[in-house]
Amino acid sequence: MKRAVVVFSGGQDSTTCLIQALQHYDDVHCITFDYGQRHRAEIDIARELSLKLGATAHKVLDVGLLNELATSSLTRDSIPVPDYDANAQGIPNTFVPGRNILFLTLASIYAYQVGAEAVITGVCETDFSGYPDCRDEFVKALNQAIVLGIARDIRFETPLMWLNKAETWALADYYQQLDTVRYHTLTCYNGIKGDGCGQCAACHLRANGLAQYQNDSAAVMASLKQKAGLR
C-alpha cells in the first residue's frame, strides 16, 4: 500500500497537494500544526477539508514552543500584517523562522511511525514570497539530513515547487476541485476564508494567479501539464 503524509494547513497550496496526493496514494494522512498562529481558524478549516476530501487520518500537533521562539506578524497580534507592496524587498515580517524546518522534521517522524514513504509539502520557489525555507535547495538538504538521521528512505515531495500560482489553480481545476480550493480554503494572513481580505501579500498572490488562469485557462493548463507530466 502506498502511503503519504501531507503537511496540511488548509490553505490553497496544501489543499491542492492533498487533492493530488489522494489520486496517487492509497493511504493519505494529514498533519497540521498548532503554533499559536494568529489565523487559528486554519486548524478548523484543515479538519473540515481533510474529512471532506477523504484523508485517512488527520493529526493536529501542538507546537506552541515555536510561537515563543519565532517572532513574526503571524505569531504576534502586536505586529501588523503588511499590505501587499510590489516594491518590498528582503524577508517579510510574515516569515516564521524555522517553521518549515520544524514542520518537515515532525512530519517525517509521523511518517516513520505510520510507515509512509513520502512527506508532501506545498512549498513553492516560483512564488515563494521571499521565504528561505520554501526553496528547493533547502527542502532537498533537509530531506537528505532526515534520511540520514532516521535511517529510513522517506521522500519529500514538492509538487508545486516550480509552478506559478496560476498553474497551481490549474492543478486544482485539473482534478475538478477549483471551487473547493477557492471557497473552502484559508490562505489570507488576516484569517479570512475564501477570497480573503484582498490586501495582504498572500491574498494578492492568490487573486492574481486566479485572474491569470481565468484569463487564459487553456494556455495555463497546457503549461501545467508540460511541467507536471500530466495528460
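Just so you know, glycine gets a Cβ as well, placed from its N, Cα and C.
Among the features that Swiss-Prot reports, ATP binding site is placed at PHE8, SER9, GLY10, GLY11, GLN12, ASP13, SER14, THR15, THR16, CYS17, LEU18. Just so you know, the Cβ of GLN12 (ATP binding site) picks up 25 other Cβ atoms within 10 Å once every protein chain is counted.
On its own chain, CYS188 (Zn(2+) binding site) has HIS39, GLY196, CYS197, CYS200, ALA202, CYS203 as residues at least 6 apart in sequence with a Cβ closer than 8 Å to its own Cβ. What Swiss-Prot lists as Zn(2+) binding site is CYS188, CYS197, CYS200, CYS203, and the listing cites sequence analysis.
Sequence-distant neighbours of LEU18 (ATP binding site) (same chain, 6+ apart, CB under 8 A from its CB) are VAL6, PHE8, VAL28, CYS30, LEU49, SER50, LEU53, ALA55, ILE120. Less than 8 angstroms from the CB of GLY10 (ATP binding site) sit THR32, GLU42, ILE43, ILE45, ALA46, ARG47, GLU48, LEU49, THR185, LEU186, each of them six or more residues away in the same chain. SER14 (ATP binding site) falls within a helix when secondary structure is assigned with DSSP. For THR16 (ATP binding site), the same-chain residues lying six or more positions away in sequence with a CB closer than 8 A to its CB are GLY122, LEU160, THR168, LEU171, ALA172, GLN177, VAL181.
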